[in-house]
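Enquirer: Before we start, here is the structure in question, set down as structure tokens.
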Amino acid sequence: MSGSDTAPFLSQADDTDDGPAPGTPGLPGSMGNPKSEDPAVPDQEGLQRITGLSSGHSALIVAVLCYINLLNYMDRFTVAGVLPDIEQFFDIGDGSSGLIQTVFISSYMVLAPVFGYLGDRYNRKYLMCGGIAFWSLVTLGSSFIPRERFWLLLLTRGLVGVGEASYSTIAPTLIADLFVADQRSRMLSVFYFAIPVGSGLGYIAGSKVKDVAGDWHWALRVTPGLGVLAVVLLFLVVQEPPRGAVERHSDSPPLNPTSWWADLRALARNPSFILSSLGFTAVAFVTGSLALWAPAFLLRSRVVLGETPPCLPGDSCSSSDSLIFGLITCLTGVLGVGLGVEISRRLRRTNPRADPLVCAAGLLGSAPFLFLALACARGSIVATYIFIFIGETLLSMNWAIVADILLYVVIPTRRSTAEAFQIVLSHLLGDAGSPYLIGSISDRLRRDWPPSFLSEFRALQFSLMLCAFVGALGGAAFLGTAIFIESDRRQAQLHVQGLLPETGPTDDRIVVPQRGRSTRVPVSSVLI
């Protein structure tokens, strides 16, 4: 018989068939008891058979991916750790300083869809190796730029986006193809621990290397060497697992990639993906603003309080605030990601909408604490640090949960594309423009006041208050996600199991009896 002769006589219904009810056995992690001990969810032995990798090897792959994720964020925030020195070296203001991060994020955002498309269709391991090698080379080159070539620093920071785009769109999909259910959530939480820890290490390494070397340029020469090690580990340790195999039944048809436009149309019709991406955009806006401007704001606060001397031309700027903020970022990130995943995991037992609700609570809860941190900065730097700690902990609850939402509402053959467009959306409306926007508002306010250290502090203080408002908007987007999350997850599960096949726009349909009722199916599915 030909391949067409062995196809099922009748195919499962799509839009006219409601399919199995939520919680139906045979759908992994189906709603009603998400991530339950479903018999269709493969056990450890089943995972090893499907992926061809032992549990130890899979865990080692995640460890390598975590190391690279940590390295990416460490490099990104090394610049923020020495920002006052960069401003002094190139003789630039707050607006131009904000461009450093904006140019990088813009490049990252433009390249993400390219690597998302490639990641759904080609070998993900080699894509990451090439991107990280290029990123390491460009980062090293950016440390040798003379003071009269600020535009060249912007160019090199933009090119760094190649490496980050090649990695960030692909790495989570590898984890999704190695683990399922609670195991996947735990591995994603470990993976996303690297974001706050890497960010904090960037502040710490940047400030301490500058102090030891006596030159901020050396801060940019640490991560390229670590990047070479990352490429070696990727090449030797990481293996490509089959896409989506751990989520299919043994008798389910294989998932084949659809056209790029079909992928985009499907994602645009997925409200959980769109709304959770908008909520994550608010997280990116706030974290991007704080990442670049919090150390500078804390330094200005301490200058106004008389606790530290101002940063004058020819002098090295104080790095203590970068060090403290880096430690806070590490601690709050680990605490927030862990709390978010654990709270969500426990609430899922009784509430299938737990994931977006926990994200909403984190964002809505962080907004007042960030506002209080800014409002108290002129009176007590200790109170400011306490409120920043609480606000960043609540904000960090989102990282792993948002990634998990994307992976279970989007089918495997579209996940890299979905990751890419979530990156584009979150950066386009989030941290691509927020550092520059905050810096520009600060510069505009300073022009209306007499020049002084107090006016510099107040201008940045008022501009950063925008973050609290944006955080509240993000919380509202996650509340909207909670409305659609059950139906969108169930649709993705049906599709992976082959119960909701794709049909072309010209594929005529007929009504045939199935399971005692009329069901609309493609004509091709009843032809022998």
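Every residue, even glycine, has its Cβ placed from backbone N, Cα and C.
The phosphoserine annotation in Swiss-Prot covers SER518. If you look up Swiss-Prot, you'll see 1-44 marked as region 'Disordered'. According to Swiss-Prot, the transmembrane segment annotation covers 50-70, 98-118, 126-146, 160-180, 187-207, 218-238, 278-298, 323-343, 357-377, 381-401, 421-441, 465-485, on the basis of sequence analysis.
On this model, are these features tucked inside or out on the surface, and what's nearby?
Expert: Long-range contacts of the transmembrane segment (187-207) within its own chain (CB-CB distance under 8 A, at least 6 residues past either end) are made by residues 62, 65-67, 69-82, 171-172, 175, 178-179, 216, 219, 222, 291, 295, 319, 322-323, 325-334, 336-338, 340-341, 392, 396, 399-400, 403-404, 407.
Listed by sequence, the residues of this chain that lie at least six past the ends of the transmembrane segment (323-343) yet keep a Cβ under 8 A from its Cβ atoms are 77, 81, 185-186, 188-189, 192-193, 195-197, 199-204, 207-208, 294-295, 298, 354, 358-359, 362, 385, 388-389, 392-401.
The list of residues near the transmembrane segment (421-441) in space but at least 6 beyond its ends in sequence, with Cβ under 8 angstroms from a Cβ of it, reads 93-102, 105-106, 108-110, 112-113, 116, 165, 168-169, 264, 267, 273, 277-278, 280-289, 291-293, 406, 459-460, 462-464, 466-467, 470.
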Enquirer: Could you give the residue numbers and ranges of same-chain residues that sit at least 6 residues beyond the transmembrane segment (160-180) on either side and whose C-beta is under 8 angstroms from one of its C-beta atoms?
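Expert: Those are 28-29, 41-42, 47, 51, 53, 58, 61-62, 65, 68-69, 72, 75-76, 104-112, 114-116, 119, 124, 127-128, 130-136, 138-139, 142, 187-188, 191, 227, 238, 240-247, 403, 406-407, 412, 415-416, 419-420, 423, in sequence order.
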Enquirer: Cβ under 8 Å to the transmembrane segment (98-118), counting only same-chain residues 6 or more beyond its ends: which ones?
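Expert: The answer is 76, 79-80, 83, 86, 127, 131, 153-155, 157-162, 164-166, 168-170, 260, 288, 291-292, 416-421, 423-424, 427-428, 431-433, 435-440.
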Enquirer: With contact taken as 3 or more Cβ pairs under 8 angstroms (pairs 6 or more apart in sequence), are the transmembrane segment (278-298) and the transmembrane segment (465-485) in contact?
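Expert: Between the transmembrane segment (278-298) and the transmembrane segment (465-485), contact is present.
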Enquirer: What residues in the same chain, six or more past the boundaries of the transmembrane segment (218-238), come closer than 8 Å to it by Cβ-Cβ distance?
Expert: 60-61, 64-65, 67-68, 71, 74-75, 78-79, 81-82, 125, 128-129, 132-133, 135-137, 139-140, 142-143, 163, 174, 205-207, 209-210, 212
